[in-house]
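K.L.:
Here you go, one structure.
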Amino acid sequence: MGSRAELCTLLGGFSFLLLLIPGEGAKGGSLRESQGVCSKQTLVVPLHYNESYSQPVYKPYLTLCAGRRICSTYRTMYRVMWREVRREVQQTHAVCCQGWKKRHPGALTCEAICAKPCLNGGVCVRPDQCECAPGWGGKHCHVDVDECRTSITLCSHHCFNTAGSFTCGCPHDLVLGVDGRTCMEGSPEPPTSASILSVAVREAEKDERALKQEIHELRGRLERLEQWAGQAGAWVRAVLPVPPEELQPEQVAELWGRGDRIESLSDQVLLLEERLGACSCEDNSLGLGVNHR
């Protein structure tokens, strides 16, 4: 199945072609700088791959010439052949400072190392330093902050501490206003712009923990995408006759057409391999997959 794998690899490289051609405003570098990166090195990496090419084959045949004579001539046909190509490409390698690490070996950014994990939604922002979510404190964000015991008046009457937050309460003859902090008589008054904003701020503080975690995950995905795009870009640049940004539309169309032909050839190779795998001789002495001594 080696031929099938080689064909699929070549087709996958051409599929990245249009994505890697920079558009307007794409110049200026795409590698995102980050904290903890002490240096970036450009390494020369050997690249080995198989590429296809058209080999001319001359087929003799007889034809009718002038004077009703039979002449011998030939026609030129082409067949797809494979050859091994060895090239060198440049790749960027990031070196992290002490106390920082890469998420994976090919990452171009570094993240801080905390010997003990940051709890309750905290994020490790520097070596052994956590940035805690609202309502939590301590070196590892393991301490619940009792907002009710601070010097700031958060509730007009009663304050109840909760894990990572607090709630306000009122005496039995009063009701809690829409801001969640002020007590008032009877039914609460229609919400004002200030009270609505206050509630929105509290909701935003609660969502901050989830948002930070999502940003952290998205940064990891971006690093992996940058790595894959860099590898694919190096592969495509190695097999193209000119850099992708110098390709003309007609050249892109031609390469895309070659990709379609390669896909068709790969399907034919797979069909032949399946048929050959089902073949066997009458005495099984030379059948594929059968070894008799």
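Quick reminder: no glycine exception, Cβ is built from N, Cα and C everywhere.
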K.L.:
Which of these, CYS114, CYS132, shares a disulfide with CYS124 in Swiss-Prot?
P.N.:
CYS114
K.L.:
Between 157-194, 195-232, which stretch does Swiss-Prot give the note coiled coil?
P.N.:
195-232
K.L.:
With the disulphide bonds as Swiss-Prot has them, who is the partner of CYS38, out of CYS71, CYS96, CYS97?
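P.N.:
Going by Swiss-Prot, CYS38 is disulfide-bonded to CYS97.
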K.L.:
Take the Cβ of ASN50 (N-linked glycosylation site) and count every other Cβ within 10 Å, whichever protein chain it belongs to.
P.N.:
15
